[in-house]
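Pulled from Swiss-Prot, these are the features on record:
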DOMAIN    68-135  domain 'BTB'
DOMAIN    170-273  domain 'BACK'
REGION    1-37  region 'Disordered'
REPEAT    320-366  repeat 'Kelch 1'
REPEAT    368-414  repeat 'Kelch 2'
REPEAT    415-461  repeat 'Kelch 3'
REPEAT    463-508  repeat 'Kelch 4'
REPEAT    510-555  repeat 'Kelch 5'
REPEAT    557-602  repeat 'Kelch 6'
Amino acid sequence: MDGKPMRRCTSTRPGETGMDVTSRCTLGDPNKLPEGVPQPARMPYISDKHPRQTLEVINLLRKHRELCDVVLVVGAKKIYAHRVILSACSPYFRAMFTGELAESRQTEVVIRDIDERAMELLIDFAYTSQITVEEGNVQTSLPAACLLQLAEIQEACCEFLKRQLDPSNCLGIRAFADTHSCRELLRIADKFTQHNFQEVMESEEEFMLLPANQLIDIISSDELNVRSEEQVFNAVMAWVKYSIQERRPQLPQVLQHVRLPLLSTKFLVGTVGSDPLIKSDEECRDLVDEAKNYLLLPQERPLMQGPRTRPRKPIRCGEVLFAVGGWCSGDAISSVERYDPQTNEWRMVASMSKRRCGVGVSVLDDLLYAVGGHDGSSYLNSVERYDPKTNQWSSDVAPTSTCRTSVGVAVLGGYLYAVGGQDGVSCLNIVERYDPKENKWTRVASMSTRRLGVAVAVLGGFLYAVGGSDGTSPLNTVERYNPQENRWHTIAPMGTRRKHLGCAVYQDMIYAVGGRDDTTELSSAERYNPRTNQWSPVVAMTSRRSGVGLAVVNGQLMAVGGFDGTTYLKTIEVFDPDANTWRLYGGMNYRRLGGGVGVIKMTHCESHIW
């Protein structure tokens, strides 16, 4: 070949040569027709039946032992199969048959450490795409699926076990999940155990057989659902006395995780302090003395704060997250939706009467307030209030003294505070608060800095104003309002300048996430420790998010929506403090930038009434 395009002459009539009006001569691409010649008719066809029918035939061949090229020997059982099918379904078999292992050349392969019946079920699945997980096979099928790396079967087994969770078996399922590295099942079993602690403890058999480290994992959780710390102490002592000779030396280690300072003085002195096992151990006596000092010396309590003095915050089953307004598809929106963790669903609820972007949202007396914002053409000072029991918005709330968008809103001391924002003319440092009894807004001390796109949070009886923009550039400064003094005080700045960020209180610290600096949208996050007056970095979110909402729902920190610099987002991320990661957690019905978020506790019947 000399590199020139090949000339091809064809005739539409077999046997003819030469050129006529029906002949085609092309240079280059033999599939390309000259201009003016009609393209041949085409009809792509994809068979929906073919994959299923092919598998059915191959499965028949297997059952008749035809064209089988490998025999799996599992215990006393011989299973005939085709290497190509096994390799297509299982990375374990693919590595075995396509590599240099001895099994790649053997016609009989011995598989150890797998139950015979479980292997049969998994091979059947490879040929049929079907398996029935049930109580009688799940404990053998899951380990087998883990060995063969059949992720779908692992997920099916874990889903089955989730549905079987009960106070009488949750600890066994938890241990099973831990053994087989099923992280999601382990997490769900942990949550179930924490929420049903009293019933789990009363089931006795599994609880009493817990190893010390697992008992500590359970009772050290902030989310442990107990009426009082007495339940935790009684559970620990029952566990120790179940096998007193073996467990007596472990009592001091376990007792460290009982929050003795939260007990009543009467119970601490009369029951805990007088228990023979406690009295006979020096470390235990020290823990009791620490608790006594905390209870009897209230003026010293600020210096004695620690894990044992932190009140537990069990999961509130009825907490529901609301996403309100925002900017979507080039316009402000009035739509509102809610997320119910019980059903893991986002549902639309009644819309506001006005479209609102840059709206401030907070919850006061179990009612959701939407303050100010921008409707796409005007800045707003109007306020709406949502009642989740009736699924209705009302507009009979007094307006703020000035129009505000990109405003921060929070509740402190029974008042609704509106902080900063902009009115269309200037960036604001004005702060006012709403009294629901009087239906009236009153101005309080202004911030030292003008702030639009500011985030606010309430912690320890103070109102915090975090970041924002002064109208010229993003801010990293933070100030704190003391309602007793009616004064703002500057505190430690963030590590990053942020406007339109998300802010929430989580595990007694203020988290600030996302936003925008001088040049780009941010995925970074940081948190403020009021004890040390310091900000420290937190692992970044998976997406950049400006105009993001941040809220704590049933003990989970959730980042909602925003803008990544290219796309309006409807995705949600949840922060996992143990793994120090953010993970995606589904999405809303609407994309939302600059929407507000609020959390309301509803009774079970209220959360499903409409």
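From the backbone N, Cα and C atoms, a Cβ is placed for every residue, glycine too.
Worth saying up front: this structure is predicted, and the values here are computed from it rather than measured.
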Taken over the domain 'BTB' (68-135), the model's mean pLDDT
93
Count up the helix, strand and coil residues in the repeat 'Kelch 2' (368-414) according to DSSP, in that order.
0 helix, 23 strand, 24 coil
So which of 463-508, 510-555, 557-602 has the most C-beta pairs under 8 Å when paired with the repeat 'Kelch 1' (320-366)?
557-602
The repeat 'Kelch 3' (415-461) resolves under DSSP into 0 helix, 23 strand, 24 coil
